[in-house]
Structure formats: C-alpha cells, structure tokens
Amino acid sequence: MSAPEPQHPGERLASYFSAFFSTIVGISTLGASISFSKVVQTPVKPWVDYGVAAETIQNHLSVAFVLFLIDLALTSTAASALSLYRPQAVSYFGRRDSHQRRVVMWWATLVSVVLFGLLFAAFVFLGLVVAAYAGPIGWVAVGFLCLFGLTILGVIVWQSPIGSPSPEEVLRRQRERDMLDQDGSPSHVSSPEKSPVRRPAYPPGPGYDDVDDGGEPGPLGHYKDDAISATPRVPADPIPGYDPLVPPYMADLRRLRSLRAEKEERSQARRDSWRDTPSFIPLEANPELLTSLLHKLGLSPALAMHDVYSLTDASLLSFIPRPALALLLVFPLTAAYESHRLAEDALQPAYEGAGPAEPVTWFKQTIRNACGLVGLLHAAANGPARGFVGEGTPLDALLREAEPLGPAERAALVERDGALARAHGEVARRGDTAAPDAADDVDLHYVCFVKGRDGGLWEMDGRRKGPLRRGDLEEAEDVLSEKALALGPLKFLEREAADLRFSCVALAGSLD
C-alpha cells in the first residue's frame, strides 16, 4: 500500500478554516434561532427571585441574538473570501519565512479572534440568562464559559506571528549559523585540544610545571588553593594565545569572532574567484515576470506562465489551461538533494547529444544564478512550445544556432548572447521582492519538466550531466497529468517532506 501524497501546508490551513467556518455557521444559526424564539415570547418569571428583572432577561436574549447574527454574517463573508482567494492564500502560506506567509497568518488570527470572540460573547449573555433563573449554578456556568473562552482566545493569539522573528531576522540567524557550519560547533569551540585560547583544566602529564609557591606539586594539577595564593598551572612551553587570566567564556567569544572572520575571508575569496565568471541576478518565481521575459525574447503572447497552487488537488490544477507544455519547479538545494544528485550523476555518462534528432534540446548551465533563465530556455525549446517562438526573434536565433551544437558550445553561445543578458537583467530587477546581487549565494534552484519528441517526460536541469528521462507518457498526457507529476516533481517533495520552500509555474495557453 503506497503512502498518501503529502498535502501542501496551505491546503491544510484552507481545509481547517473551511471546517471552522462550517462549525461557526452551525452554532450561530442554532443560537440565533433559540434566542430569537425566546425574544418574541413573553418571558417566564424566574422560579426563585434572584434580583433580575424580566426586562433585563429580554435584553440579554436580544444582545445574544444580535451577536449570533453578526457572527453568522461575518462567517459567511469570510467563507466567500476564502473561496475567492484560496489559491493565493495557499501559495503564500507555502512560502516559508516570507512576508506573504506572515500576512496570511495575521489574517487567519484576526478572523479567528473576531468570529470566536463574537460566539463567546453571545454565549456569555445566554449564560447570564441562565444565571437569572438558576442563581449560583448559573454563575458557575458563566464563570466556566469565561475561563473556556479566554483560554481558546489565548491559544489563537499564541499561534499568531506575535513575537515570531521576521523573515529578515530568520535570514540573519541562518547566516550566523552558516558561519560556523564548516568551522566548528559549540563542542568544537569548547574543546581544550582544538581551542588553545581557552583556559583548560590540564591533567597531570609531561610538558607542564606543576608547582606551588614552595616548589611542591599542586594537589589538583590546576590550582593550589591555600587561602593565601592560587598559582595557575601553565605549560612549560606556553601555547600561543593562552592567557590564564582570561575567563573561559571570553575565550570562547574570541574564538567565535575568529571563526566568523575566517568564514568572511573565505566568502570574500570565493566572490573574488567568481569575479571573472558570468553571473546573473536570480529570477523570482513570479509568473508575470517569467512571462514578460519569454515574450521579450520572442515567445508568442498565446502562451504564458501560470502559478501551480497544488500538485495533488485536481480542483486547483483545473485553473491552468491544458495542455501544459512545460513545468518549472523551484526547490531547495538541501544536503539530501545534493546526495541524491551526486549518486545519480555518478551512474550517468556525460551527455554529448546535438542536432534535431535528439528528443530534447538541453542547455548546460555555466552562468552563476542563471537556473531560472536556463529553465525558461528548456521550456521554450522543447515540445510544442518551440512552434510558438516568433521567427527572427532573439530566442528563435539562439535556438536555431544552438540546435546543431554540443553542450559546451551551447553554453558558450548563451554566455555571449548580449540580447539574452539584457532582457534577463531588465526583468530580474522588477520582482515583488528586492533583487539580490548576482554574486549572492542562493539555495533555491529551478528545474524544468517537458514532454520530449519521443513522448517521454524529461527532467531538464543545467546543473546535471545531461537531460534525464523519467518515464513514458501517453499521447493525451501532459506535464501536469497525474503520471507526469508522480514521475517528476512529486519525487522532489517526497525527499524534502519537511521543507516548504517549493513553488511551481507552468507554461500553457494564455488567459488574456
């Protein structure tokens, strides 16, 4: 029995709120019906006079009825908004540590507090009506309602983004961890053998003068405490940087600063080594931007890129015109993926294909941070999309010249294509987020899935040794078919089930 496919976290959130809205509607409808029936009736006098007038009881019932009605109206509005904006909310919530995810969380918190707060207030007024008839027992019920309601409201607020670090703070902390990931860990820093600047408690052994003020060996091999003096035990040949008067935590701080400085020096050395290597600004996975770049290069306006909000929900996939000609997946470059890539590439021969007889046209990536551009080239150069490239356009000229060339020659052709570089640079600076520097380290990567001339599903990644055929597709199946998704992008999600940094866009017919 196969394991169930992982559900997108945004889908889980949307499903939760759909159930939450249904519950609120049911309770509010029942509460409004009961309270209204009591409002229009002549109130029954309490059996025991607890000092509450009949008019007050009617007022409490009326307030509860109004609160139920308001809650019902707001819940219906929120449910309608969720139906209209569900794809956007699902997409934004799946972007971990992003501003959009925090916006979704704030809206979710606000809606939850308002709807539950109105329901809670309505039941408090109904509890006051019970107290008018039941006296002390009713007040116990009111107290329980207040305790329960405040607890739930506290839980809702606790799950909100209050106090959580901003995306910028998360990025800053990640960079600090990265500065130490190759140089050591807390245990490394505090190890006497590896941290010579920290004052250790040296065990007895050769190379140390273990003496006290009178020339006798110190009883502890570290300090001699005789209420008069404490002589530190120091090496006969002092370790460079060792200072017995420096507290251990200060020595650790010095070590950390040293590690950070070394890390920065190596990063600067890498940047200097990349100075002569072509670099592009990373492309944002924004369908409008990607469509703009493709059209600027020469792809017909009849095609466009579309957000793919789910790889498993058929209702969300139905938003995309079919057939889908290519699928671009953005995924995190994790240790698990890199291990998989290296193991798989070790079994693959170097690709040397060229010419129109090849089932796909593959480009090797030699430009730093150009994986988005290479993915777009793969999308436009293969399958039916090639027929939508305008004749005489920069993209058409590039593909015609690249077709008979081998991988190395194609890569060189892309590197020296000025029109391609200018169009990419212009579009890359127009994203919704601030454009990073071309030389920055980016831990997200584009891969493209296309249907080749041979009817197979091909994984096109410029970092690999060549194109990878993942399986056969039927004539009626496109890259968003159930089989294609199972053979391609869902494999990535299975490897990184705990990581949310995935997004997809598909090349298909334009909706304009």
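Glycine is no exception: its Cβ is also placed from the backbone N, Cα and C atoms.
Remember, predicted model here, so these are calculated numbers, not experimental data.
Feature list (source: TrEMBL):
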type     : residues : note
TRANSMEM : 16-40    : transmembrane segment
TRANSMEM : 60-85    : transmembrane segment
TRANSMEM : 106-131  : transmembrane segment
TRANSMEM : 137-158  : transmembrane segment
REGION   : 179-245  : region 'Disordered'
COMPBIAS : 184-193  : compositional bias 'Polar residues'
DOMAIN   : 279-509  : domain 'UCH catalytic'
SITE     : Q365     : site 'Transition state stabilizer'
ACT_SITE : C371     : active site, nucleophile
ACT_SITE : H445     : active site, proton donor
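Most Cβ pairs under 8 Å with the transmembrane segment (137-158) belong to 106-131, among the candidate stretches 16-40, 60-85, 106-131.
If one looks beyond the transmembrane segment (16-40) by at least 6 residues along the same chain, the residues whose Cβ comes under 8 Å of a Cβ in the stretch are 58, 61-62, 64-65, 68-69, 71-72, 75-76, 78-79, 82, 108, 111-112, 115-116, 119, 122-123, 126, 129. Away from its own ends, the transmembrane segment (60-85) comes close to residues 14, 17-18, 21, 24-25, 28-29, 31-32, 35-36, 38-39, 111, 114-115, 118-119, 121-123, 125-126, 128-129, 132 of its chain (Cβ-Cβ under 8 Å, at least six residues beyond either end).
Looking only at the recorded positions Q365, C371, H445, the densest Cβ neighbourhood within 10 Å occurs at C371. Rounded to a whole number, the distance between the Cα atoms of the residue listed as 'active site, nucleophile' and the residue listed as 'active site, proton donor' is 6 Å. Within the model, the domain 'UCH catalytic' (279-509) shows a mean pLDDT value of 91, rounded to a whole number.
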